[in-house]
Amino acid sequence: MSELPQYKKDFLKSAIDGNILKFGSFLLKSGRTSPYFFNAGDFYRADLLNSISTAYALTIDSLPIQYDIIFGPAYKGIPLATAATIKLGQIRPRAKYAVGRVLVRDRKEAKDHGEGGNIVGAPLKGKRVLIVDDVISRCTAKREPSPRLEKEGGIVAGIVVALDRMEKLPAKDGDDSKPGPSALGELKKEYNLPIYAILTLDDIIEGIKGLVGEEDIKRTEEYREKYKATD
């Protein structure tokens, strides 16, 4: 595997140092016990927010897609998209981000007074929308924003998340020995959308060498081997 870009190394180290990326034994909603856990909601200090916003901005800056609006879905996506938009303006002050890209967010509960509705920010009609969120772990967790945006006339151009676990969805019959697709792969297929991540599980395993113990690395590699998706 090729060496990780410096911004990925920096992001990974800050996630470990800030206890956002933890190693141990964690029970997931899927019922699986994972040797690692990532919680983007723990990026609450200024230095950590700077780290994640920089990582999002540099990832977005490298994307081969065109977009007009950055969208942060409620709830975790809102601060992430906001921070990424600000950082994009800082790293490219005279480029397209400073003048042409704007931020939109939604509410989980529609407002029936004032401006009303679920969407807050710039008009979406005819605009290409880039969704910024935290983690794709199950298909159902990320399915809601696209229909909402399309209802407002937006065109979803892609999704950027902090982490792609590269993990197959739980089998309906409970037999996890069977090969299967990931949540990210199913979402790509259902909506025909490009989806990008700052880090993948492969990146984590490559990047944590020298940062965590050998036993944690071994357990994470074994978990990847057992649950890695086919897509």
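Any Cβ shown, glycine's included, is placed from N, Cα and C.
Per Swiss-Prot, 5-phospho-alpha-D-ribose 1-diphosphate binding site is recorded for LYS29, 75-76, 107-108, LYS111, HIS113, 133-141. Sequence-distant neighbours of LYS76 (5-phospho-alpha-D-ribose 1-diphosphate binding site): residues of the same chain at least 6 apart with a C-beta under 8 Å from its C-beta are ALA40, GLY41, ASP133, ASP134. Mapped onto three states, the DSSP output places LYS76 (5-phospho-alpha-D-ribose 1-diphosphate binding site) in coil.
Look at Swiss-Prot and you will find PHE37, PHE38, SER137, ARG165 tagged as orotate binding site. In the three-state DSSP reading, PHE38 (orotate binding site) counts as strand.
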10 Å Cβ neighbour count around ASP134 (5-phospho-alpha-D-ribose 1-diphosphate binding site)?
22
Nearest-integer angstrom distance between the alpha carbons (Cα) of PHE37 (orotate binding site) and ILE136 (5-phospho-alpha-D-ribose 1-diphosphate binding site):
13
If you draw a 10 Å sphere on the Cβ of PHE38 (orotate binding site), how many other Cβ atoms land inside?
20
Listed binding-site residues (LYS29, ARG165), ranked by Cβ neighbours within 10 Å, top entry:
ARG165
Using a 10 angstroms cut-off on Cβ to Cβ distances, just flag whichever of PHE37, ILE136 is the loneliest among these binding-site residues.
PHE37
